[in-house]
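Asks: I am attaching a structure below and will ask some questions about it afterwards.
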Amino acid sequence: MSTSLAVVRLDRELPMPTRAHDGDAGVDLYSAENVELAPGQRALVSTGIAVAIPHGMVGLVHPRSGLAARVGLSIVNSPGTIDAGYRGEIKVSLINLDPQTPVVISRGDRIAQLLVQRVELPELVEVTSFDEAGLADTTRGDGGHGSSGGHASL
């Protein structure tokens, strides 16, 4: 089942978002500006596009794995969420996590990837307890934040 995504190129000199390989989940987003990020610095970077995410779907903006691994470039609010009703320009909140080296982003560089996925939109129902709602205790209960172990420091 194929879904189409309406894309407006706000900057006609930049290419449409592209998939590097047939079957890739994400499409690459391009920087619409030149930016230099000092170590630890963040910036909201324009992509020059706007999209119309279909109702019942969500756009998720993820870091590009090669940039994260090689130069420490990531996304502050990863993944960034694009709701179906948003029609403005996609901007990416990038951060340089390298402790020593600045990251230079040139206009036209691929800086992130956009995934579009179906999303459940549940009705929120207030309950006074999970037992009352028929959602009895689980083996995990309220354990979180390292409660399952898996690392020597935990």
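Glycine residues also receive a Cβ, built from the backbone N, Cα and C atoms like all the rest.
Bear in mind that the values here come from a model prediction, so they are computed numbers and not experimental data.
Okay, these came from Swiss-Prot:
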- Arg64, Ser65, Gly66, Asn77, Thr81, Ile82, Asp83, Lys91: substrate binding site (BINDING)
- 144-154: compositional bias 'Gly residues' (COMPBIAS)
- 135-154: region 'Disordered' (REGION)
Asks: Return the residues near Ile82 (substrate binding site), defined as same-chain residues 6+ apart in sequence whose C-beta is under 8 angstroms from its C-beta, sorted by sequence, else 'none'.
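Replies: The answer is Val51, Ile53, Val58, Gly59, Leu60, Val61, Ile90, Leu114.
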Asks: State which of the following binding-site residues has the fewest other Cβ atoms within 10 Å around its Cβ: Ser65, Thr81.
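Replies: It is Ser65 that, of the binding-site residues Ser65, Thr81, has the fewest other Cβ atoms within 10 Å.
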Asks: Would you count the other C-beta atoms found within 10 angstroms of the C-beta of Arg64 (substrate binding site) for me?
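Replies: Total other Cβ atoms inside 10 Å, all chains included: 20.
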Asks: Whose Cβ, among the binding-site residues Asp83, Lys91, has more other Cβ atoms within 10 Å than any of the rest?
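Replies: Result of the Cβ crowding comparison: Lys91.
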Asks: Pairwise over Arg64, Ser65, Gly66, Asn77, Thr81, Ile82, Asp83, Lys91, annotated as binding substrate, what's the top Cα to Cα distance to the nearest Å?
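Replies: Per the listed residues, the maximum Cα distance equals 26 Å.
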Asks: Using Cβ atoms only, which residues of the same chain lie under 8 Å from Asn77 (substrate binding site) while being at least 6 residues apart in sequence?
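Replies: The answer is Ser93.
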